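Peer 1: According to Swiss-Prot, the shikimate binding site annotation covers 19, 20, 21, 66, 91, 106, 223. What Swiss-Prot lists as active site, proton acceptor is 70, and the listing cites sequence analysis. Residues annotated as NADP(+) binding site in Swiss-Prot: 129, 130, 131, 132, 133, 221, 242.
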């Protein structure tokens, strides 16, 4: 039951109606008996500054941040954890007296999942995209010791990501790749990561069709039955799904907000239940 004492949490994004975070986080609160509610908050890009101020004024205790707000959210926080600082994007905010502390849970979630999928030091990785999710994936790939090639439709965005991460992480091996050569780059890579919003509801555009092989690891930040995920499964590649990333980063966010270990299995089941009801 929601009362006057119920703590408020939410996710801000544009679009955000598709988000599965409310089911997942509310399942976690219910499992541990936390008096809290988590809601989706649609926020247009030009209104993110006032939205974060307003959420703080309304008493929200924590927020997740999704497309396209992660880089801007980081710049609006009073303090950032080391990973969010290195990545230049924040996807988890925790309330302080005067504002928000920012964290990046996408990056450690990616690292854990990619390592579990068998990514090894010295392997070559293709990262598609240069936004907040791609920056988190770049950090994870660098931490795992891979040679990262970044391809984005805007070449300057890919180059900027490479410069920023190279400055933040000594010894990082990053270079921009030509988006027009995406198919060849994917063929040469042991790891392929989609850090774009292609496949999200409301986002136009497609990636060129990529051919995968069984030895590759493929991570798609976008959850659901995406074209990329279908191609990876058909080829027998080791797929890290958007749902896996969502659960892992969401569990880390839950712990940041509550100080309690997240009931990750319950969170995953909540996503599966929604998928089964569709």
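Cβ from N, Cα, C; glycine included.
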Peer 1: Which value in Å gives the longest Cα to Cα span across the NADP(+) site residues 129, 130, 131, 132, 133, 221, 242 as recorded?
Peer 2: 17
Peer 1: Could you measure between residue 129 (NADP(+) binding site) and residue 70 (active site, proton acceptor) for me? Cα positions, answer in whole angstrom.
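Peer 2: With distance taken Cα to Cα, residue 70 (active site, proton acceptor) is 14 Å from residue 129 (NADP(+) binding site).
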Peer 1: Please report the number of other Cβ atoms within 10 Å of the Cβ of residue 106 (shikimate binding site).
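Peer 2: Here the count is 35.
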Peer 1: Looking at the binding-site residues 131, 132, 133, which ones sit with their CA no more than 10 Å from the CA of residue 91 (shikimate binding site)?
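Peer 2: Qualifying among 131, 132, 133: 132, 133.
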Peer 1: Have a look at the recorded positions 21, 66, 70, 106 and say which one has the shortest Cα distance to residue 130 (NADP(+) binding site).
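Peer 2: For residue 130 (NADP(+) binding site), the spatially nearest of the recorded positions is 70.
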Peer 1: Show, in sequence order, which residues other than 19, 20, 21, 66, 91, 106, 223 on the same chain lie with their Cβ within 8 Å of the centre of the Cβ atoms of the shikimate site.
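Peer 2: Apart from the listed residues, the neighbours are 11, 13, 64, 246, 249, 250.
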Peer 1: Any idea of the Cα spread of the shikimate site, 19, 20, 21, 66, 91, 106, 223, as a max distance in Å?
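Peer 2: Max Cα-Cα spread across the shikimate binders: 16 Å.
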